[in-house]
Every structure is written in structure tokens, then in C-alpha cells.
Amino acid sequence: MWVFGYGSLIWKVDFPYQDKLVGYITNYSRRFWQGSTDHRGVPGKPGRVVTLVEDPGGSVWGVAYKLPVGKEEEVKTYLDFREKGGYRTTTVIFYPKDSTTKPFSVLLYIGTCDNPNYLGPAPLEDIAEQIFNAAGPSGRNTEYLFELADSIRKLVPEDADEHLFSLEKLVKERLEGK
């Protein structure tokens with residue numbers, strides 16, 4: 001069983017895995033539209049974390065992890081708990097960056113618009129302000145944003161995720177007092 005990470009699963013890998021591959025999925029875009037009251041925010045003052053939205057022609061880069069043989073259910077149970085804040089699972093096709101590896105199916109956690117923590121679209125300035133001010137049991141929301149942006153930049157320098165990098169720029173400007 002393979003699991004696709006496109007948010008904190010890229011940079012906060014606190015579960016065992018047998019193998020990992022960088023690659024992408026299609027027909028989605030990554031957006032900071034999911035609220036977090038259990039990791040990067042608190043009830044009444046949620047942080048914002050990424051989910052995926054359907055986007056014909058879109059693509060999202062990330063990392064696929066092969067769960068250890070014999071421990072798939074144990075690790076999946078842990079990931080179900082970690083991703084509990086409104087995420088459901090579906091299966092999609094993963095395209096490895098290394099084109100010598102054929103595409104294959106991966107499990108995907110996605111926060112849909114009908115879950116109670118879904119915040120939806122907002123002006124980038126408003127999302128940046130919310131990320132700048134939010135913190136929760138797992139730390140500041142800014143850490144989540146910066147770790148994700150740094151990871152994508154290192155893993156896939158050619159990925160110009162405009163939503164992600166625009167938010168990073170806006171939040172850094174706030175930190176610098178601009």
C-alpha cells in the first residue's frame with residue numbers, strides 16, 4: 001500500500017515506510033482551504049493547512065510512501081488518526097518523477113468541502129493573516145507553511161505552486177513588518 005503526501009506528510013514523516021518516491025497526481029490543486037483546530041490552530045481560532053481541490057488539468061507534487069509489508073493496517077490506522085480533522089481517503093494514480101517507474105495507485109487523504117473543518121477559498125491576504133496568527137498543539141501555522149514551501153522547493157525545484165509560494169511571500173512580509 002502506497003500513501004501520497006502533499007502537505008505535512010512530506011516534511012513530518014513520523015511513521016515507518018519501506019520506500020518513498022517523489023512525483024505528482026493530476027486533476028487536483030493544493031490549497032490552504034482546510035481548517036486545523038487540532039494541530040496548527042485551536043477551536044475558535046483555526047489554522048489553515050492544505051487540502052486538494054478538483055482542478056481538471058491541475059497537478060500536485062508530493063511524496064508517495066510505501067507502507068511496510070505486514071504493517072500496512074497499523075500505519076494506516078495511525079495516519080487515519082493524524083489526518084482526522086475532516087479528511088477522507090480516496091485512491092488516485094501517482095506519476096513518479098523518475099519516468100522509468102510506471103504510474104501506480106496511491107491512497108490519498110483529502111479534506112472535502114462538506115467536512116466541518118473546511119474553510120474554503122478566501123483572499124490570499126486573509127489566508128496569510130490567519131496563518132500568521134494561528135498556533136496549535138503541533139506548533140505555529142507559519143512553521144507548517146514554511147516547511148512545506150521549503151520541501152517542495154528542494155524536492156521539485158520546477159514546481160511553481162503559485163498558491164503556496166504567494167502565501168509564503170505574504171507571511172514572510174508580515175514577519176518582517178512590511
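Using the three backbone atoms N, Cα and C, a Cβ is placed for every residue, glycine included.
If you look up Swiss-Prot, you'll see Val3, Phe4, Gly5, Tyr6, Gly7, Ser8 marked as substrate binding site, on the strength of similarity to another entry. Residues or ranges marked as active site, proton acceptor by Swiss-Prot: Glu83.
Features recorded in Swiss-Prot, as mapped to the structure shown.
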residue: Val3; record: substrate binding site; contacts (Cβ under 8 Å, 6+ apart): Leu9, Ala64, Tyr65, Leu67, Lys76, Leu79, Val106, Leu107, Leu108, Tyr109
residue: Phe4; record: substrate binding site; contacts (Cβ under 8 Å, 6+ apart): Ile25, Gly62, Val63, Ala64, Val92, Phe94, Val106, Leu107, Leu108
residue: Gly5; record: substrate binding site; contacts (Cβ under 8 Å, 6+ apart): Val13, Gly62, Val63, Ala64, Tyr65
residue: Tyr6; record: substrate binding site; contacts (Cβ under 8 Å, 6+ apart): Ile25, Arg30, Val50, Leu52, Val60, Trp61, Gly62
residue: Gly7; record: substrate binding site; contacts (Cβ under 8 Å, 6+ apart): Arg30, Val49, Val50, Thr51, Tyr144, Leu148
residue: Ser8; record: substrate binding site; contacts (Cβ under 8 Å, 6+ apart): His39, Val49, Tyr144, Glu147, Leu148
residue: Glu83; record: active site, proton acceptor; contacts (Cβ under 8 Å, 6+ apart): Tyr109
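According to DSSP, Ser8 (substrate binding site) is assigned to a helical segment. In sequence order, Leu9, Ile10, Gly62, Val63, Leu108, Tyr109 are the residues of the same chain, not among Val3, Phe4, Gly5, Tyr6, Gly7, Ser8, whose CB sits within 8 A of the CB centroid for the substrate site.
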